[in-house]
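Worksheet for the structure shown next.
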Amino acid sequence: MTTSIIERIDAWAEKTPDFPCYEYAGTRLSYKELKRQSDALGSYLLKNLKTDKEKPIIVYGHMSPLMIIAFLGAIKSGRAYVPVDFSMPVERIEQIKKAADPALFICTEELPENLTITDCPVLNAENLVDALEKHFDEKPDPTSCVKNDDNYYIIYTSGSTGNPKGVQISQNNLVSFSNWILQDFSLQQGLRFLNQAPFSFDLSVMDLYPCLLSGGTLVPMDKTITSNLKDLYHEIPAQSFDVWVSTPSFADLCLLDPNFNQENNPNLTRFLFCGEVLAKKTARELLVRFPDAVIYNTYGPTEATVAVTQVRITAELIDAYPSLPLGVIKPDMRLHIIDQETGDVLPDGEKGEIVLIGASVSKGYLNEPEKTDQVFFDYKGYQAYHTGDSGIIKDGYLFFQGRLDFQIKLHGYRIELEDIENNLKKVSLIQNCAIIPKMKDGKVDMLVAQVIPSPNDFTKEYQLSAAIKNELKEFMPTYMIPRKWIYKTEFPLTMNGKIDRKALNQEVNK
């Protein structure tokens, strides 16, 4: 059982000093070097930063080894870090800087030319490397390290007002999450982990910390690789992954390659999915292609430290339910389904809002007390969070029922878009899909289905559409069937590896 993230990671510098903790673009970082360089940075920060330790450190960059050195260096100086990926627009970076009010801006890559930082000290990449060299072999005071309920990291998520919200995750939150992942998912020492998500997306926490805590090797697939399918399909088998952590959409992208299978990836025996709904088709295809692998579906919002439920996906489970379960809650958490109107806890089998209670729940949004009070609350002495997700419990499993705010009204009918997508994914002719409402005069005019079709013998798109509609009529009411159909070979993905619904929406609502 881990009680201190830093102590456990640093211990590998003694046990396996030369083992690589990180491999990126031909460079290897050993556990010994990770400790030495993060110690050096921690010492530098303790000597040079005199502002309040409540102020976090922004770490800007992408996937270079300097990113995790900066993360751990910040922690050793007693400050939380805020990861900011270099793919973020300048306006977004400025919003995060303003909201976080950081003590320092560490840059592992060059800042955009049109971004000027004047009200906060900046440590650029050149000066960062210089600081690491000058403080070679210095060790920070271990009592200065982030501990217990101190903030460990702060990740900014989209806010309904357009301004990002900083979710505060403490050392205790991360310890709870990490112990659960390492135990329930049987992650042994020395495994190679895929890092698909940028560090500004909390899915990355699911590979970064379980990897470092178990003495493994983190192997990032950066934007230059994931944006080029030919490079991606070549790189995956070359990296000999043991553990796959990604969104389902990223796996769907890889499944387009017929060579993505056990034969070409013999070590790949664990798939961990989070961040999106895992479709039955995706899970079934992975079980066929990777007979030696175990597949886990997980669920959790950023506000509850990445994930709080898990279930191992089997062929029997796929056949047993209309959609895949999200699993069972982790041992130190409680999950309630509540009536959104009355707040009453609902019995199993009734649909309501998912409320999470316990050790994984964040203390709230940084410097946002009003927004915090809207969704976080105390439940019998435990921190609790209104997820805004709709769910139902059947046979002890949690099932996702869509977002409470992802409903539309069409011709008087209240419709959940995820409900339509889940039904479309049952159709044999559909591999993946996204439903986009077409707007007219401020209201929904019709539903547009963007579809990646399964291989078929139709020569005309209208023939394919007719066949899909005919199959849909068996289990979906007519008013829910999309009126327009757009066919694609692949979907655009966000930097986090999710379907880029904003881009699809712009395409439909030009």
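The backbone N, Cα and C atoms fix where each Cβ goes, and this holds for glycine too.
Just so it is clear, the model here is predicted, and its values are computed rather than measured.
Counting only residues at least six positions away in the same chain, the Cβ atoms of Thr247, Ser249, Gly275, Glu276 sit under 8 Å from the Cβ of Lys498 (D-alanine binding site). Marked as ATP binding site by Swiss-Prot on the basis of sequence analysis: Thr157, Ser158, Asn297, Thr298, Tyr299, Gly300, Pro301, Thr302, Asp389, Lys498.
Sequence annotations record features per position, and here Swiss-Prot assigns D-alanine binding site to Asp202, Val306, Lys498.
Its own atom aside, the Cβ of Tyr299 (ATP binding site) has 30 Cβ atoms within 10 angstroms in the protein chains shown. Long-range Cβ contacts of Asp202 (D-alanine binding site) within its own chain (separation 6+, distance under 8 Å): Ile155, Val167, Thr302, Thr305, Val306. Across the binding-site residues listed here (Thr157, Asn297), the residue whose Cβ sits among the most other Cβ atoms within 10 Å is Asn297.
Cβ atoms within 8 Å of the centroid of the Cβ atoms of Asp202, Val306, Lys498 (the D-alanine site) belong to the same-chain residues Ala197, Phe201, Leu203, Ser204, Val205, Met206, Thr247, Cys274, Gly275, Thr302, Asn496, site residues excluded. Contacts of Pro301 (ATP binding site) defined by a Cβ separation under 8 A and a same-chain sequence distance of 6+ are given as Leu356, Tyr385, Thr387, Asp389, in order along the sequence.
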